[in-house]
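Before any comments, here is the structure.
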Amino acid sequence: MHSFQLLGLAAVGSVVSAAPTASRVSDLVKKSSSTCTFTSASEASETSSSCSNVVLSNIEVPAGETLDLSDAADGATITFEGTTSFGYEEWDGPLIRFGGKQLTITQSDGAVIDGDGSRWWDSEGTNGGKTKPKFMYVHDVEDSTIKGLQIKNTPVQAISVQATNVYLTDITIDNSDGDDNGGHNTDGFDISESTGVYISGATVKNQDDCIAINSGENILFTGGTCSGGHGLSIGSVGGRDDNTVKNVTISDSTVTDSANGVRIKTIYGDTGDVSEITYSNIQLSGITDYGIVIEQDYENGSPTGTPSTGVPITDVTVDGVTGSIEDDAVQVYILCGDGSCSDWTWSGVDITGGETSSDCENVPSGASC
């Protein structure tokens, strides 16, 4: 098991050598004591930076606009109240954007953030058809906590994280309505260019990856419940500005009625690095494609069957991945380039049902296929 380190929020701070002016002290006092309740997205976006407590009450975000809280005051608490809804327009989004330091983002009892994604769903996701807005950006956020959000029916990807030292706890993303209504590419959490991301107690019902880690380090996903999607994924890695995934632990989670259980995928012909990866105590049921799949052959979003070696996958621990898969599914599939997968440790892998694969290549010692 690899060490997992996050900077404690209590340790974050800076020392100011010069005493603030009287006017600066007055401004700080006003911000620390101000609670602002907004019922308008534009007002919240324009003036919330002056508030230490932001309440977003039954906001209806106009079509084609972002509920933009990227300039939130340091240390602010942001609370969703009632139902947050969004007008319909074909555009890229995001529908919500956060930014800032030492934020606490939460909701009141019974609140829901409802994307009403069925207006966009057409079974094509981001691959064509209607242009669908991304849902929530947690970008340029540092030393912050997001907890207890209830998110429903996102048009496509739900939460995009590009952040440093953030805690996302007890978040529910429920896109189960998309199962029969054309939901596609409705990823739960997409993580990239991040250091220190802790996701605990998430519930994700969707039609794509429960979590997808494309780049970043010191990432933990634990206590998750994932159903309907593509499983617990790293990648695809490659083809971006940052193509390193390091020190990731995914543990104590369940994956049900999904295409895959555990998945690592890298892009053919690209360069990067995937290392220090642990999957521990993952329970599977109703898996339709692969219980465990690790492959170095992705190109244009699909596997090719021909691996490359530019993104090595090293120091991988798979411990206690158990459960059942469907009759036509494959228990384990490993497709590595020559020498580009190494230092793997597997124990307690017990997947029943389905088939074994005869197409694995370059399986490193310590693993089995």
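Positions of Cβ are set from backbone N, Cα and C atoms, glycine also.
Neighbour count (other Cβ atoms within 10 Å of the Cβ, all protein chains): 22 for Cys51 (disulfide bond). The feature disulfide bond is assigned by Swiss-Prot to Cys36-Cys51 (among others).
Sequence-distant contacts of the repeat 'PbH1 1' (141-162), counting only residues of its own chain at least 6 positions beyond either end whose CB sits under 8 Å from a CB of the stretch, comprise 7, 9, 12, 80, 93-95, 98-107, 111-121, 125-126, 132-135, 168-175, 177-178, 183-194, 197, 204, 206, 208. The repeat 'PbH1 1' annotation in Swiss-Prot covers 141-162.
If you look up Swiss-Prot, you'll see Cys210-Cys226 (among others) marked as disulfide bond, on the strength of similarity to another entry. The DSSP secondary structure for Cys210 (disulfide bond) is strand.
Tertiary proximity for the repeat 'PbH1 4' (216-236) is limited to same-chain residues at least six positions away from its ends with a CB under 8 Å from its CB atoms, namely 4-6, 175-176, 179, 186-189, 191-210, 242, 244-267, 274, 277, 279, 282, 287, 298, 301. Positions annotated as repeat 'PbH1 4' by Swiss-Prot: 216-236.
The repeat 'PbH1 5' feature in Swiss-Prot is assigned to 245-266. Taking H, G and I as helix, E and B as strand and the rest as coil, DSSP gives the repeat 'PbH1 5' (245-266) the counts 0 helix, 19 strand, 3 coil.
According to DSSP, Cys336 (disulfide bond) is assigned to coil rather than to any helix or strand. Cβ neighbours of Cys336 (disulfide bond) (same chain, under 8 Å, six or more residues apart in sequence): Ile294, Glu295, Gln296, Pro307, Ile313, Glu361, Asn362, Val363, Pro364. Among the features that Swiss-Prot reports, disulfide bond is placed at Cys336-Cys341 (among others).
For Cys360-Cys369 (among others), the entry in Swiss-Prot reads disulfide bond. Within the same chain, residues at least six positions away from Cys360 (disulfide bond) with a Cβ under 8 Å of its Cβ are Val332, Tyr333, Ile334, Leu335, Cys369.
With a cut-off of 8 Å between CB atoms and residues at least 6 apart in sequence, the same chain places Thr47, Ser48, Ser50, Cys51, Asn53, Val54, Val55 near Cys36 (disulfide bond), listed in sequence order. In the shown protein chains, 27 other C-beta atoms lie within 10 A of the C-beta of Cys226 (disulfide bond). Note: the Cα of Cys210 (disulfide bond) and the Cα of Cys341 (disulfide bond) are spaced 24 Å from each other. In the repeat 'PbH1 4' (216-236), the DSSP tally of helix, strand and coil residues is 0 helix, 16 strand, 5 coil.
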